[in-house]
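Chemist: Can you keep this structure in mind? I'll have questions shortly.
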Amino acid sequence: MELNFTKMEGLGNDFVMLDDRNGAIVQTVPYPVLAKKLCSRRFGVGGDGIIIIIDSETADVGFKIFNPDGSEPEMCGNGMRCFAKLVFEQGIVTKQRFTVETLAGTIIPEILLSDTRQVEAICVDMGEPILEPDRIPFKCNRQRAVNEQIQVKGETVSITAVSMGNPHAVIFVDDVKKIDLENLGRAIETHELFPAKTNVEFVTVLNDQELVMRVWERGAGETLACGTGASAVLVAASLNGLTRETALVHLAGGDLSIHWDQQSNHLFKTGPATHVFTGRIKI
């Protein structure tokens with residue numbers, strides 16, 4: 001079987017996009033197996049994940065994502081911007097604001113057009129942050145895991161746990177460049193206090209409107225950007241009294257603008273998505 005695919009990236013977080021609205025792909029090969037093959041940067045297309053366009057009975061379109069190790073996360077913010085741009089430009093949806101079914105619930109992206117009606121950016125309503133430990137999930141006796149101390153490799157690390165439909169452990173440090181991300185990130189990702197594992201963000205606060213972060217993604221390792229992670233970081237920073245409700249988050253792949261609307265309690269993330277190339281691959 002040969003598959004048509006589109007390679008997309010959002011701030012360097014890259015994905016292999018597939019249209020399986022007719023179900024032909026999943027009938028041929030399981031998505032986790034396909035993810036392992038296509039995400040290989042030596043033997044496949046290469047990517048931080050595969051994203052599948054599927055039909056939905058509850059939203060305008062359905063979204064599924066699989067990590068390079070075959071695991072299925074609930075959602076991906078950068079992937080959602082790529083997804084939204086692709087389905088809009090391909091005419092799968094025609095509205096600039098539409099609904100997407102994900103494992104994290106219904107997500108609402110909005111396409112922002114230039115004067116020439118080109119896709120300039122995508123603003124994604126990420127929904128409400130989840131702060132109750134049992135829903136993140138994170139093993140904790142408090143109502144919120146804010147500045148919670150845990151033991152990691154014999155050291156005490158202060159984390160704030162947030163879910164944006166997927167779990168995040170946010171750690172504030174003096175200089176993110178000096179962090180041994182692979183060792184610490186992997187240890188926290190698989191920490192026993194996170195029964196579903198977790199994404200890990202190390203953050204340096206520049207001022208009350210700017211943050212710098214590095215991310216270790218659950219099932220993918222270090223990536224250049226993470227949209228749900230940037231959203232979780234703003235929530236964690238705000239809960240710790242470090243930032244305002246709107247901030248610019250600097251990631252290795254570029255910048256995201258994050259706004260936490262206090263009236264609706266929703267997070268809004270705005271950033272770019274780029275078409276890299278299209279192709280066909282035999283599986």
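Including glycine, each Cβ sits where the backbone N, Cα and C put it.
Keep in mind that this is a model prediction, so the values were computed, not measured.
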Chemist: Can you pick which of Asn141, Asn147, Asn199, Asn265 Swiss-Prot lists for the same substrate site as Asn13, Asn67, Gly77, Asn78, Asn166, Glu217, Arg218, Gly227, Thr228?
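Modeler: For the substrate site that includes Asn13, Asn67, Gly77, Asn78, Asn166, Glu217, Arg218, Gly227, Thr228, Swiss-Prot also lists Asn199.
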Chemist: Would you mind pulling the longest C-alpha to C-alpha span across Asn13, Asn67, Gly77, Asn78, Asn166, Asn199, Glu217, Arg218, Gly227, Thr228, which the record has binding substrate, in angstrom?
Modeler: 17
Chemist: Starting from the substrate site formed by Asn13, Asn67, Gly77, Asn78, Asn166, Asn199, Glu217, Arg218, Gly227, Thr228, give every other residue of that chain whose CB sits within 8 Å of the mean position of their CB atoms, in sequence order.
Modeler: Pro73, Met75, Cys76, Gly79, Val215, Ala220, Thr223, Cys226, Gly229
Chemist: Over all shown protein chains, what is the count of other CB atoms within 10 A of the CB belonging to Asn13 (substrate binding site)?
Modeler: 30
Chemist: I need the CA-to-CA distance for Gly77 (substrate binding site) versus Cys226 (active site, proton acceptor), whole Å please.
Modeler: 6
